[in-house]
Amino acid sequence: MRENNQSSTLEFILLGVTGQQEQEDFFYILFLFIYPITLIGNLLIVLAICSDVHLHNPMYFLLANLSLVDIFFSSVTIPKMLANHLSGSKSISFGGCLTQMYFMIDLGNTDSYTLAAMAYDRAVAISRPLHYTTIMSPRSCIWLIAGSWVIGNANALPHTLLTASLSFCGNQEVANFYCDITPLLKLSCSDIHFHVKMMYLGVGIFSVPLLCIIVSYIRVFSTVFQVPSTKGVLKAFSTCGSHLTVVSLYYGTVMGMYFRPLTNYSLKDAVITVMCTAVTPMLNPFIYSLRNRDMKAALQKLFNKRISS
């Protein structure tokens with residue numbers, strides 16, 4: 001009963017990105033700049049794909065889902081950080097902290113599995129072009145997206161429930177600008193050995209899509225290099241280049257965050273999370289649209305339609 005009362009009244013203090021006021025002011029301005037660009041950029045991708053019938057195919061269906069996930073992903077943390085900075089308060093309730101952690105794990109996993117589905121789509125398109133429409137049918141695409149969301153939720157729920165069962169004594173300062181599982185485990189005065197094992201299991205589940213992406217691209221490049229045509233190789237690189245760039249950015253920052261011992265985590269590592277939670281979702285629309293003629297044409301049509309109306 002006492003633990004329930006503690007959970008209902010407990011508040012955490014979010015130390016921010018650096019914990020230094022002057023630097024926090026800089027990151028506030030940075031986030032104030034990044035967040036609207038992230039929302040507008042990803043929303044434009046979704047609207048362009050929905051409005052252009054030429055983009056109603058598996059590749060762009062998956063891209064639209066990725067853009068939606070990126071909108072939700074950045075919205076879980078940045079608005080709270082901006083609101084806290086404006087109000088001068090750094091506090092977040094226990095329930096709010098768990099909610100934030102749940103959606104970060106959920107959407108992070110969904111993002112990861114969506115990237116794997118996109119790699120699989122490219123592998124099928126290049127290595128089995130004659131069977132592409134059969135394999136990547138609308139039903140298959142829906143199953144891939146639904147599976148991504150289900151796995152994301154299934155991975156997030158156990159971690160959230162386990163964290164909710166922990167006791168927190170004394171220090172309640174979270175070494176980040178949002179509630180993440182790693183700093184919360186470090187704050188707990190409960191036995192966290194099982195929780196740490198579950199966290200690394202979760203990281204393993206999160207890493208499965210990376211293995212799928214690697215296998216997919218091995219298939220892509222083994223197919224491409226069998227074709228004695230420089231043009232074919234260049235076309236494959238142009239088709240897959242944007243996706244590979246996003247995968248490298250995303251997994252590079254995630255590995256910097258989680259592929260390390262729990263004892264090594266400190267406030268300095270919060271800077272890495274800025275790349276994952278804010279910068280990468282902002283860059284994705286630019287990466288996919290600037291290198292894609294069809295997407296640029298669809299965006300141009302969308303702008304022309306809005307201007308003429």
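Cβ atoms are placed via backbone N, Cα and C, with glycine included.
So that you can see what the record holds, here are the features copied from Swiss-Prot:
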type	residues	note
TOPO_DOM	1-25	topological domain 'Extracellular'
CARBOHYD	Asn5	N-linked glycosylation site
TRANSMEM	26-49	transmembrane segment
TOPO_DOM	50-57	topological domain 'Cytoplasmic'
TRANSMEM	58-79	transmembrane segment
TOPO_DOM	80-100	topological domain 'Extracellular'
DISULFID	Cys97-Cys189	disulfide bond
TRANSMEM	101-120	transmembrane segment
TOPO_DOM	121-139	topological domain 'Cytoplasmic'
TRANSMEM	140-158	transmembrane segment
TOPO_DOM	159-195	topological domain 'Extracellular'
TRANSMEM	196-218	transmembrane segment
TOPO_DOM	219-235	topological domain 'Cytoplasmic'
TRANSMEM	236-258	transmembrane segment
TOPO_DOM	259-270	topological domain 'Extracellular'
CARBOHYD	Asn264	N-linked glycosylation site
TRANSMEM	271-290	transmembrane segment
TOPO_DOM	291-309	topological domain 'Cytoplasmic'
(message) Under 8 Å between C-beta atoms and at least six residues away from its ends: which parts of the chain pack against the transmembrane segment (101-120)?
(response) 59, 62-63, 65-66, 69-70, 72-73, 76-77, 144-145, 147-149, 151-153, 155-157, 159-160, 163, 178-181, 184, 202, 205-206, 208-210, 212-213, 216-217, 243, 246-247, 250, 254, 276-277
(message) Check for me, if you would, whether the transmembrane segment (58-79) reaches the transmembrane segment (236-258) - at least 3 Cβ pairs under 8 Å, residues 6 or more apart in sequence.
(response) no
(message) Which residues of the chain, 6 or more past the ends of the topological domain 'Extracellular' (80-100), have a CB below 8 A from one of its CBs?
(response) 7-16, 24-25, 28, 31-32, 35, 160, 163-164, 174, 177-179, 184
(request) May I ask for the residues of the chain that lie six or more residues beyond the topological domain 'Cytoplasmic' (121-139) and have a Cβ under 8 Å from a Cβ within it? (result) 58-59, 62, 216-217, 219-220, 222-224, 236, 239-240, 243
(request) Grab the same-chain neighbours of the topological domain 'Cytoplasmic' (50-57) for me: Cβ-Cβ under 8 Å, and only residues 6 or more beyond its ends, written as numbers and ranges. (result) 64, 294-295, 297-298, 301-302, 305
(request) For the topological domain 'Extracellular' (80-100), provide the mean pLDDT of the predicted model. (result) 90
(request) Using a Cβ-Cβ cut-off of under 8 Å, list the residues of the same chain that are 6+ residues beyond the ends of the topological domain 'Cytoplasmic' (291-309) and lie near it. (result) 44-45, 47-49, 51-52, 54-55, 60, 238, 241-242
